[in-house]
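Peer 1: What follows is a single structure, and I will ask about it in a moment.
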Amino acid sequence: HKVSVAAEMDIMEYCIKEWRGNTPVAKRMKKGYEAVSQKFAFIRRVRGDNYCALRATLFQALSQATQLPVWLQSEDLAMLPEKLLSKYDWIKQWQLKQKQGRKMGEISDEIKEYLILLKKKWKNISEIKAANERQEACDELFKNEEEEYSLYEALKFLMLNTAIELYNDDRNGRRVPVFSWLLFARDTSSNPCQLMHNHLNQIGHSGGLEQVEMFLLAYTLRYTIQVYRLYKYSTDEFITLYPNDPKEDWPVVTLITEDDRHYNIPVGMCQETVL
């Protein structure tokens, strides 16, 4: 099997291996990695297909999970695909991984299975008390390609649900976060149907998550995603938070990126890191 999340490597050793030259870009990356190494000792490389933002975020969330999130506790979770499909006919066009041309009922059943799997895995892992054992359980889960990709499909569907809620809230005059306006201000996603066709359906196939979709992911999970953006070193965007006004009770996961396309995971905190 392919390794989805590689073993820990010393963060500065990794940097030296990746950035040998003395170009301005290499110098900036080295400084960025040095800054991260003040907080984290190691890096784990995440497999670079178009799921890597989902993979890195979910891996971090699960490896530090101590309870099942409130939104996964809902009794109605498994009914979500059916509920949305009954309201929005266009969801039939949802593209499941490498399996096109399904009937409506099958899509609904399939996504329902993915959502139930996500809940089950999150619950099982969060009940493991010892951090190292929880880490091992995550490593094991992310070696099972079939299950791993099913979890990403569940996340993508939950992102669609969040987007629909935000879109409807905005149209009904309720307050929505700023990123929601940006999400639907794009020519390619002026409504949830376009968002699904042009963006969510592409994740894992022909594209990854764009910046504004990182906000949507954070909002869906109710996690703050803190990202060290190395190419932004020495600017105020070096450490970016999604959302940038996080709720105090949201847990925090930390990722690292060199280009806003591929995400890796910093691990082994050197000291307590607080926002």
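Even glycines carry a Cβ here, placed using N, Cα and C.
Reproduced below are the annotations present in TrEMBL:
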ACT_SITE  Asp49  active site
ACT_SITE  Cys52  active site, nucleophile
SITE      Glu237  site 'Linear diubiquitin binding'
ACT_SITE  His262  active site
Peer 1: Tell me which of the recorded positions Asp49, Cys52, Glu237 ends up closest to His262 (active site) in space, Cα to Cα.
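Peer 2: That would be Cys52, the closest of Asp49, Cys52, Glu237 to His262 (active site).
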Peer 1: For the recorded positions Asp49, Glu237, which Cβ has the most other Cβ atoms within 10 Å, all shown protein chains included?
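Peer 2: Sorting the candidates by Cβ neighbours within 10 Å, the top entry is Asp49.
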Peer 1: Within its own chain, what residues at least 6 apart in sequence put their Cβ under 8 Å from the Cβ of the residue listed as 'active site, nucleophile', listed in sequence order?
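Peer 2: Looking at Cβ-Cβ distances below 8 Å from the residue listed as 'active site, nucleophile', excluding near sequence neighbours, one finds Val46, Gly208, His262, Tyr263.
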Peer 1: How big is the Cα-to-Cα gap, in Å, between Asp49 (active site) and Glu237 (site 'Linear diubiquitin binding')?
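Peer 2: Per the Cα atoms, Asp49 (active site) and Glu237 (site 'Linear diubiquitin binding') stand 25 Å apart.
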